[in-house]
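Listed features, source TrEMBL:
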- 1-73: region 'Disordered' (REGION)
- 13-39: compositional bias 'Pro residues' (COMPBIAS)
- 51-73: compositional bias 'Basic and acidic residues' (COMPBIAS)
- 273-305: repeat 'WD' (REPEAT)
- 314-355: repeat 'WD' (REPEAT)
- 356-397: repeat 'WD' (REPEAT)
- 398-439: repeat 'WD' (REPEAT)
- 440-482: repeat 'WD' (REPEAT)
- 483-524: repeat 'WD' (REPEAT)
Amino acid sequence: MDEDELQSLTLNPTPPNDPPPHPPPSILSIPPPIAPLPVPRSRTVTAVASDSDREGSLPPPRTDDYEISDESRLARERHEKAVQDLLMKRRAFAMAVPTNDVSVRARLRRLGEPVTLFGEREMERRDRLREIMLKLDSEGQLERLLKAHEEEQQAITVPAEDEGPQVYPFFTEGTQDLLDARMKIAKYSLVRAATRLERARRRRNDPDEDEETESMEVVRQAGELVLECSEIGDDRPLTGCSFSHDGTLLATCAWSGITKIWRMPQVSKQATLKGHTERATDVVFSPVDDILATASADRTAKLWKSDGSLLKSFDGHLDRLGRIAFHPSGKYLGTASFDKTWRLWDIDAGTELLLQEGHSRSVYAVCFHPDGSLAASCGLDSLVRVWDLRTGRSILAMEGHVKPVLGICFSPNGFRLASGAEDNTCRIWDLRKRKCEYTIPAHSNLISQVKYEPQEGYFLATSSFDTKAVVWSAQDFKPIKTLSGHESKVTGLDITADGQHIATVAHDRTIKIWSSRSNGKQKAMDIE
C-alpha cells in the first residue's frame with residue numbers, strides 16, 4: 001500500500017451504515033451506581049430553594065393587592081400633613097430672622113412684601129417675615145430672590161469695605177427721655193436703699209430697739225380693728241380705693257366711671273371726678289402730693305387734682321386698663337393693661353417712657369419697690385415678673401400660682417413680695433432666695449387685692465370675692481382679724497400710712513372704714 005492510499009484511509013471516517021467497532025476485550029464495563037451522586041448547586045439556587053421551602057414564606061405584599069378604606073386614606077393624609085407641618089415649624093424656628101425692626105422692614109421690602117400691615121406690631125411683623133421666608137424656601141425661590149437683589153445692589157452701588165458681620169441688638173432701643181428717667185430712678189433708688197439698710201442695721205444693733213416686741217404690738221393693734229363707718233359710695237359697684245399720703249382723703253372709683261374723693265374720718269364727699277367714658281378700674285393717690293390717677297376700661301388713665309380738676313390724660317394702651325401705681329418718687333405712673341403690656345409714664349411731661357412686654361396674656365396689676373428700683377407685674381398668665389427699672393431687664397419670673405394673679409405688693413422691708421390670685425391663695429415671695437417663702441390658703445374665693453402695712457410691713461391685708469377681708473401677720477402668716485361686713489364681692493382695699501385704718505370697697509356699693517380700738521382710746525386720751 002502506497003502513501004496516498006494510507007492517507008485517504010486515515011482521513012476518511014467510517015461510513016454510517018457500518019456497524020460500530022467492538023471494544024477491545026481488555027476493557028471491562030462499569031456497572032451503574034446504586035444511588036445517584038449528589039450534585040453541588042450554586043449558592044443562589046440553594047438560597048432560593050431554602051426560601052421557597054420555608055413555611056409561611058410569601059412574596060412581599062403590594063398595596064395594589066388590597067383596597068384602602070376612605071377612613072384609612074384620610075387618616076394617612078392627616079398624618080402626612082401633620083408631619084409636614086411639624087417639619088415646616090422646625091425649619092421656621094431654625095431659620096435666621098432679623099430681630100431689629102429696621103432690618104425686618106428692609107427684608108420685607110427686599111422680598112416685595114408689604115412693609116407693615118394695619119395694626120401690626122414689631123413681633124407680629126417678624127413672625128410674618130418668618131412665614132414668608134419659610135414659604136419661599138419651601139418653593140425654592142428664597143435664595144434666587146435674595147441673590148438677585150444682592151446683584152442689583154452691587155451693580156448700582158459701589159461695594160463698601162468689609163466691616164465684618166453685622167450684629168443686631170436683641171432689645172428695643174429706647175428714647176433719650178427713657179435713658180434720663182432710668183438715670184434719675186437709679187440715683188433715687190440708691191439713696192433710698194442706703195437709708196433703708198442703714199436704718200435696719202441701726203435697729204438691729206441698738207439694744208433699746210426691740211423689733212419683735214414692736215411687731216407684736218402692731219399686730220395686736222391690727223387684731224382690734226372694728227368697723228367704724230359705712231357709706232354708700234356710688235350707684236354702681238365700687239372697684240377700688242386709695243388713701244392720700246397723709247390719710248386725710250380717700251378716693252373711690254366705680255363701674256359708673258365716676259371717681260369720688262371723701263374727707264376723712266367723717267367720710268364726707270369732697271369732689272367728684274368725671275371724665276372716663278367706661279367703667280373705672282382703679283384709683284391711686286400720689287405718695288408725695290395730693291394728686292391722684294384713675295384707670296378705666298376706655299383704655300386711658302387720667303391725672304387729677306384733689307379738687308376735681310383734670311391735669312393730664314395718658315392715651316396709648318390698646319385694651320382696657322387694670323390696676324395702676326405711682327412710683328415712690330411721685331414722678332412716674334405705671335399702668336397695666338389687657339393688651340399684654342404695662343407702661344411707664346412721665347407725670348410732668350405726660351408722655352410715655354416705656355412700653356414693656358413680657359407677659360403672654362393680659363397684665364392686670366403693677367407695683368413698685370419702696371426703693372423705686374424695681375417694678376413687679378402680674379397677669380392672667382399666672383406669672384409674677386420683677387423688672388429692674390434701671391436697666392430694663394426682667395430679673396425674676398416667679399411661678400407658683402395656677403390661676404390668674406390679680407394683686408401684688410412689695411413689703412416695706414425690701415425683700416418680700418406678696419401676690420394674690422384666683423386660686424384663692426396668697427403667696428409670699430422672698431426676693432433674696434428667688435422662691436416662694438410661704439403660701440397662705442387665704443380665702444374661699446379669688447383674691448382681688450393684697451396690701452402691706454406701709455410703715456414697717458408687720459402685717460398685710462387681703463380682700464376677696466368671698467365678701468371678706470382678712471389681716472395676716474407678716475411674721476408667721478397667721479390670721480389676725482377677719483373683716484366681715486360686706487354683702488357682696490370685696491374688690492379693693494387700702495391701708496393708711498400709720499396702719500391704723502383700713503378701707504374696703506365692694507360690689508354692694510359701700511365703703512367701709514375699719515379702725516383700731518387702740519387708736520380710738522388714744523384719741524379719747526388726747527381729748528381729755
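Note: Cβ is positioned from N, Cα and C throughout, glycine not excepted.
Not measured: the values here are computed from a predicted model.
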Practice problem: Mind tallying the repeat 'WD' (398-439) by DSSP state, helix then strand then coil? | Solution: 0 helix, 24 strand, 18 coil
Quiz item: What parts of the chain pack near the repeat 'WD' (273-305), using Cβ distances under 8 Å and only residues at least 6 beyond its ends?
Solution: 236, 239-245, 249, 251-261, 311-315, 317-326, 328-330, 333, 335, 337, 345, 347, 350, 492
Quiz item: Over the repeat 'WD' (356-397), what does the predicted model average in pLDDT?
Solution: 94
Practice problem: With a Cβ cut-off under 8 Å, give me the same-chain residues at least six positions beyond the ends of the repeat 'WD' (314-355) that come close to it. | Solution: 174-175, 177-178, 181, 184-185, 188, 192, 240, 278, 281-282, 284-289, 293-303, 361-372, 375, 377, 379, 389, 392, 407
Practice problem: With DSSP as the yardstick, break the repeat 'WD' (483-524) down into helix, strand and coil residue counts. | Solution: 8 helix, 21 strand, 13 coil
Quiz item: By DSSP, how many residues in the repeat 'WD' (356-397) are helix, how many strand, and how many coil?
Solution: 0 helix, 23 strand, 19 coil
